[in-house]
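Participant: Below are the features I grabbed from Swiss-Prot:
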type	residues	note
DOMAIN	247-440	domain 'GATase cobBQ-type'
ACT_SITE	C328	active site, nucleophile
ACT_SITE	H432	active site
Amino acid sequence: MVQGTTSDAGKSTVVAGLCRVLARAGMRVAPFKPQNMALNSAVTADGGEIGRAQALQAQAARVEPHTDMNPVLLKPSSDTGAQIIIHGKARLDLDARAYHAYKPEAMKAVLASHERLTQAYDVVVVEGAGSPAEINLRDRDIANMGFAERVDCPVVLVADIDRGGVFAHLVGTLDCLSDSERARVTGFIINRFRGDISLLQPGLDWLEARTGKPVFGVLPYLHGLHLDAEDAIVGAQSAKRGTPDALLRVIVPVLPRISNHTDFDALRAHPQVDLRFIGPGMPVPPADLVILPGSKSVRADLDFLRANGWEPALRRHLRYGGKVIGICGGMQMLGRQIHDPAGHEGPAGSSAGFGWLDYETTLAPHKQLRRVSGRLADADREAAVSGYEIHMGVSTGSGLERPALWLDDENGTRRADGACSEDGQVLATYVHGVFDEPTACEGLLRWAGLDGAQGIDLAALREASIERLADTLASHLDLGAMFAPLRR
């Protein structure tokens, strides 16, 4: 089990790399995260929902993602509440106190999934959540040491040296653990190191002498990895890219409950695109394309967007010939009305959308979860689309008669998705990952005004990044010592 001294210490990345290292060695390996809290999720082949990181780790392990790899997924809908997804299906909505009381039930799901994986695979590489040293969360813990103790799992502790204080993080974390938990930690990985390793060696020697535990290795800071980010849009992603040769400027407003921002990974990596995320209080700069992202709380995020003064800026953007795309929750914002009569995403009621597309959306009790494939409806050449749907909204109206995509269902029938405005400036779709296929990316960029647009093969970039990550772990970690417990 890989645990971290902090959030974003590199647990997900290390687990992905270890999965590929073990898969290369011919092992049947599966990733596992008992409990994940994230708004970035993926859809499994059987129509379940898991954390995006576990889907990436499954790819690294060269296996199909399965709901057992992330049995408990928490999708925050407010600062104090979340949708609880068990074995891939939304079960209930709870506030923090109610979920704490529910944890014994959640642990049953965790243990059942873990048992199935251990029966099916040679090795299960487990990822913790946040830090095991959160004293207030120790009671009924199912994500870190509470799980490790229950299944008798050895733990490797990862710390991020790039943020500073790495030795305090490691020693302090150990000090907060119980004796049995401390004994369970077999050693350390120091992540994201830049500089001369010889200057770090005295600190490593001190750490090993102080704790009696080995440092399995120091991983360098790896620039340019094209791997799915799990949670918040990190600073490097939010900042101006400053691509000198970029020909198309794309803006994405960052909403409080933005979901599946991995939709923009292909644009982030595209050499012809200058992708920028704008946060609260920032003006909408001149752009060719504005994309309204997915949201876990669409009406609340629509209120936030308006409170920031972005609606007049978007109307001005369209008036001067700019293009707008809405994805999932963003699609719902582009219609006339959003209705939530049962209060699935907050207080019951209705909100006026922007009205740029003629349809209304009603939030239903059952979530649509499916992988999809098809093509762009209005492209000058065949443009294949591949992605997934995760939404509770059902949209109806005449605007949907001019679809954005044609999707091929499993039964062989073709169905319409999304909408496109009569003037061709506004496009909406429920499909996440709409930019991921090279021909779809090329077609959408051409529609947005980029003449000579080229597609980008995000899948190939992701696979190359996994290989590079595995090479780095193999060359910088003492894998023999770290995997010793597996041979017992």
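Just so it is clear, glycine is given a Cβ too, placed from its N, Cα and C backbone atoms.
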Participant: Determine, to the nearest whole angstrom, how far the Cα atom of the residue listed as 'active site, nucleophile' is from the Cα atom of the residue listed as 'active site'.
Facilitator: 7
Participant: Looking at Cβ-Cβ distances, which residues of the chain lie under 8 angstroms from the residue listed as 'active site' while being 6 or more apart from it?
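Facilitator: Within the chain, the residue listed as 'active site' has Cβ neighbours under 8 Å at N260, T262, D263, G294, I327, C328, G387, Y388, E389, I390.
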Participant: Enter the number of other CB atoms within 10 angstroms of the CB of the residue listed as 'active site, nucleophile'.
Facilitator: 26
Participant: Going by DSSP, is the residue listed as 'active site' part of a helix, a strand, or coil?
Facilitator: strand
